[in-house]
Amino acid sequence: MKHATFRRVAALLVAGLLAGGAHAANEQYFPLQSYRVGPYAAGGTGFFGGFIDYLQYVNAKGGVNGVKLTWSECETEYVVEKGVECYERLKKGLNGAPAAATNPLSVGIAYATLDRSTADKLPLITINHGRTDSTDGSVFPYVFPLQLNPYSEVSAIVNYIGQKSGGLDKLKGKKIVTLYHGSPYGKETNPILELLAKKYGFELTLIEVPHPGNEQQSQWLNIRRIKPDWVILRGWGVMNPVALKTAKKTGFPVDHIIGNIWSNSEDDAAPAGDAAKGYISITTHPSGTQFPVLQDIKKTVIDAGKGNLADPKRFGNVYYNLGVVNGILNVEAVRLAQAKYGKKPLTGEQVRWGFEHLNLDDKRLKELGAYGLVQPLKLSCADHEGGGAVRFQQWDGSKWNVISDWVQADRKLLRPIIEESSKKYAKEKGITPRDCSKES
Amino acid sequence: MFYTEAGQFSGHYRADRRLFRLRQDRYALYALLLFAFAVVPAIGSDYWLNAILIPFLVLSLAGLGLNLLTGYAGQLSLGSAAFMAVGAFATYNLALRVPGLPLLVGIALGGVFAAAASVLFGLPSLRIKGFYLLVSTLAAQFFVQWLFTKVSWFSNDSASGVITAPPLRIAGHDLSNPAGRYLLTLGFVVALTLLARNVVKSELGRNWMAVRDMDTAAAVIGIPLARTKLLAFALSGFILGVAGALWAFTYLGTVEPHGFDLSRSFQVLFIIIIGGLGSIAGNFLGAAFIVLLPIGLSLLSGLLPPGVIDAGQLENLQKIVFGLLIIGFLIKEPEGLARLWQQLRERARVWPLRY
């Protein structure tokens, strides 16, 4: 009897410790709002597969300064309210391990959890997508559209078309059609396209493809009527191969279609078969397995039979590599934050500091084995994007070949627009922007 | 034994007409309300309030809106999500363009706009019935979504078409915290549920049921068909509009037209079919089934040791199980969960005897 009481008290004490001290376990937690079913499963499984494999790889190497990484998944199906439910379910951490950052990989979910993330002091990472004006870290301290925000992406594409036409002044009178996914993600760039059209004098037509985009006959017939010089494909998931196939059916030359950052994977081009041969897209990171970090992942994770991909052939494709890149950036942020706050599991607020001070130069990238995979990146309080450069690649029927050097977005042109938008948001929401000159 | 009517006499007509005639029902209701208003916000975690209770309440309300129209007045509709969208966008635009408009008034006016839209799309019901009416409300679904996508004025020309909720403030109190948002939602749900219960017990409610059962007969005994049907559309639209505004403002905090697509309409329809047509409590039971069960399944599957089943297949398995449960329930009780509830109460009246 006495024994039982003692045991009960001990159990209560342990439970209290676990609940009270978030640092009981020496682990850092990543809540994964993943999606493995639905029309966007190809993107979800690739991205989260790469992300999880990189976390496994870091663990196999002993974690981040001895702090093991842990994670759990919650299926969102790319649906906003499910993403919100997952966010709420996972944000508190796991078994005492505090959450480091959320990576929903969905603009809709990112929008819906933006206020929550800020209130909960948990970084919201929207790599290569997201809300453009969250680049301004003085208004959005917890949101990071890493590498490439939507405006930079469009600006780089227009710059590339300019290059191809022999100078930006030659864009005058050209016809460009943008075919966009009917979602917050798809619409995000429309105003900046209109602005660039006005600035460079090209004729712009915006055509929406309703989600999920498996029927595009009328849109492409419309394009055939317009006879544009270029089509910018701002697709996602199943919309991309359908667009390429329909383009072929209606007789639009595929090498004048430029896919954006979410229309650029093997899973987008390959299902279109022959229709995709010659298709151009942008990328922030090449596909391929030749990078040392990927070789190491193969050795320690994949060959050990612990790889997250159901289909091992997808190892090293665009989505997978983006997941690895995202893993590298998240873990680097944790590492940086540990240098400041100590080698222990950190709160989201502390990891945020790490993200804001990310500084990946060529030397650091070589140490990580990711030289050529990740672009040099330097973030600050005012700039939550960092890179803003893309390369162009062309599909040869079986793989992507890089066909251009880094093409930089016109970030100077975009900055005032971003600031204007973030100021408007701050005013609407009654936020006082941070003074970035006083941040350390 | 405990749940018996014996000895409860009505001394006045007023007492006979009250919403819950049975003392036990009244006390249970008071206890439930006390629990929901006082205890839940105090003990509920962020997760429970934000991710489970608020969507449950909002979808119950949406179910209530559709149930008045379909379950009581017999008019089929697939436009529920459209009227929710009208409510959400109207509330947003009112808050944006009418400075100083109190939040509660804004949400209520959002409901009024939705009611107007609902009446407009309900006009064909005067001529057509059944599945044909279903198709005409489907038009509302597509038209409203198209309108809000196409005309960017409705989303204040926001680039992505996503609008963010204005700060939730009532008379200087900030309600942006989970408990505040929950209480705001609960307040609306309770008020509108009581209103609906009053209406279905009134002459209007009886007219609705007469129209539902046979509208020619209803016309013969002097029930004005046009007025009755359109009032059903109006009240249903109002409740759906308020539900839409709450969905956007207290639950998600953002709203985009695609959040109110056809699958949302189907979701609301399933809620009332599973919960029980022509029942008020059924909406809550149906919403609980539709909202809570998938989350429960997902949490359960999270308990499985990792690596046993591939994560993607596990998701598909949950969908299969959920589908089987729906089929199972509908075979067992085609009249919905509300009927089970009814049977439970009848059992309780004679308990511990069998008859």
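Residue numbering: from 1, along the chain as shown.
Here the Cβ of each residue, glycine as well, is placed from N, Cα and C on the backbone.
The transmembrane segment feature in TrEMBL is assigned to B:27-44, B:50-69, B:76-95, B:101-123, B:130-148, B:182-200, B:230-249, B:269-293.
Among the recorded stretches B:76-95, B:101-123, B:269-293, the one sharing the largest number of Cβ pairs closer than 8 Å with the transmembrane segment (B:182-200) is B:269-293. Residues 75, 79, 82-84, 86-91, 94-95, 136-137, 139-140, 144, 166, 168-171, 188, 229-230, 232-242, 244-246, 249 of the same chain lie 6 or more positions beyond the ends of the transmembrane segment (B:101-123) yet place their CB under 8 Å from a CB of it. Two recorded stretches are said to be in contact when at least 3 C-beta pairs lie under 8 angstroms, sequence spacing 6 or more; the transmembrane segment (B:230-249) and the transmembrane segment (B:27-44) fall short of this definition.
Contact between the transmembrane segment (B:50-69) and the transmembrane segment (B:130-148) does not hold: fewer than three of their C-beta pairs are under 8 Å, each pair 6 or more apart in sequence. Within the chain carrying the transmembrane segment (B:76-95), a Cβ under 8 angstroms from the stretch's Cβ atoms is held by residues 62, 65-66, 69-70, 101, 103, 106-107, 109-111, 113-114, 117-118, 121, 130-131, 133-134, 137-141, 143-145, 148, 154-156, 163, 165-166, 236-237, 240-245, 247-249, 255, 257, 259-262, 264-266, 268-269, all 6 or more beyond its ends.
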